[in-house]
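**Q** Swiss-Prot lists these features:
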- ARG157: active site (ACT_SITE)
- LYS181: active site (ACT_SITE)
- HIS250: active site (ACT_SITE)
- ARG253: active site (ACT_SITE)
- HIS276: active site (ACT_SITE)
- TYR285: active site, O-(3'-phospho-DNA)-tyrosine intermediate (ACT_SITE)
- 11-97: domain 'Core-binding (CB)' (DOMAIN)
- 118-298: domain 'Tyr recombinase' (DOMAIN)
Amino acid sequence: MSLEPKIPLPNSLQKPLSRFYEYLRSEKGLSLHTQRNYKQQLETMAAHLVTLGLKDWSQVDAAWVRQLASKGMREGMKASSIATRLSSLRSFFDFLVLRGEMTANPAKGVSAPRKQRPLPKNLDVDEVGQLLDVNEDDPLSIRDRAMMEVMYGAGLRLAELVGINLKDVLGRQGEIRVIGKGDKERKAPFSGLAKEWVDKWLKVRGALASPGETALFVSKLGTRISHRSVQKRMEEWGKKQSVASHISPHKLRHSFATHVLESSQNLRAVQELLGHENISTTQVYTHLDFQHLAQAYDQAHPRARKKNKD
């Protein structure tokens with residue numbers, strides 16, 4: 001959507017705008033800069049109305065305002081810019097309602113998209129391979145590789161990884177039972193390499209675990225490993241394996257999502273695998289059955305196939 005309207009506005013659209021500009025100048029006392037911003041935003045939207053065949057502001061409804069916000073998102077506008085555009089519309093329609101030219105403000109209930117936090121830069125497949133190429137045979141190294149393989153193989157959150165109990169490893173099915181946000185349980189697939197290293201870890205876990213400890217991954221003290229310990233160990237392995245990027249549990253999860261999405265182009269499957277209720281602020285949760293998820297996972301995940309058996 002261009003910043004300046006290229007289409008002449010009919011009087012039915014232009015005159016209410018002119019009255020509003022005068023109101024901003026004489027009664028609101030806004031600066032020239034702010035007035036120009038209002039003018040730019042509103043006349044751009046008025047030109048868009050003309051392209052849709054609308055000739056009067058009273059024809060605008062909430063659906064049109066939402067479509068306008070969505071259009072801005074599709075065109076790559078920043079969330080803050082869309083919020084400014086909606087704010088201009090709300091102020092203008094409040095003015096028209098006050099003057100009796102409209103009965104209600106159609107922009108009143110339309111929210112601007114939330115400003116999203118930037119996602120961390122993901123590791124590429126080669127960097128993941130470099131990080132996970134841990135072949136030391138002491139119990140802590142085996143544990144650490146198993147943790148990283150599971151986190152990347154299933155796209156788990158840090159809390160989900162730490163919360164896994166022995167009973168949650170469903171080896172025959174190639175699944176791990178995890179408790180996600182809101183205490184919601186789901187079964188996550190994990191790759192052949194992740195399963196291979198979990199099996200190796202289980203063989204040496206007894207050397208560290210305290211009697212009766214139910215956690216899959218334990219610390220040197222024999223109890224469930226802490227969030228901070230996982231973060232610290234991953235950072236250390238990133239440096240030891242000479243991976244250029246800073247390593248964090250969330251970066252592994254983000255890398256999982258990016259790699260599977262790039263391979264499968266199946267956004268809904270990735271949504272389900274990650275345990276997300278909402279795929280974005282504009283998309284609702286779509287459930288896929290586990291068989292379809294597992295199939296998409298097996299075909300797409302770069303470490304999903306175990307090496308040829310001996």
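For all residues, glycine too, the Cβ spot is worked out from N, Cα and C.
Distances, neighbours, how buried they are, the whole picture for these features please.
**A** Neighbour count (other Cβ atoms within 10 Å of the Cβ, all protein chains): 18 for ARG157 (active site). Secondary structure at ARG157 (active site), as computed by DSSP, is coil.
The number of other CB atoms found within 10 A of the CB of HIS250 (active site), across every protein chain shown, is 13.
Secondary structure at ARG253 (active site), as computed by DSSP, is helix.
Mapped onto DSSP classes, the domain 'Core-binding (CB)' (11-97) shows 71 helix, 0 strand, 16 coil.
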**Q** Can you check how the pLDDT averages out over the domain 'Core-binding (CB)' (11-97)?
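**A** Summarising the domain 'Core-binding (CB)' (11-97) by its mean pLDDT gives 87.
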**Q** Considering the active-site residues LYS181, ARG253, which residue's Cβ sits among the greatest number of other Cβ atoms within 10 Å?
**A** ARG253
**Q** Taking only C-alpha atoms and a 10 A limit, tell me which of ARG157, HIS250, ARG253 are near LYS181 (active site). These are the active-site residues.
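**A** Near LYS181 (active site) by Cα: ARG157.
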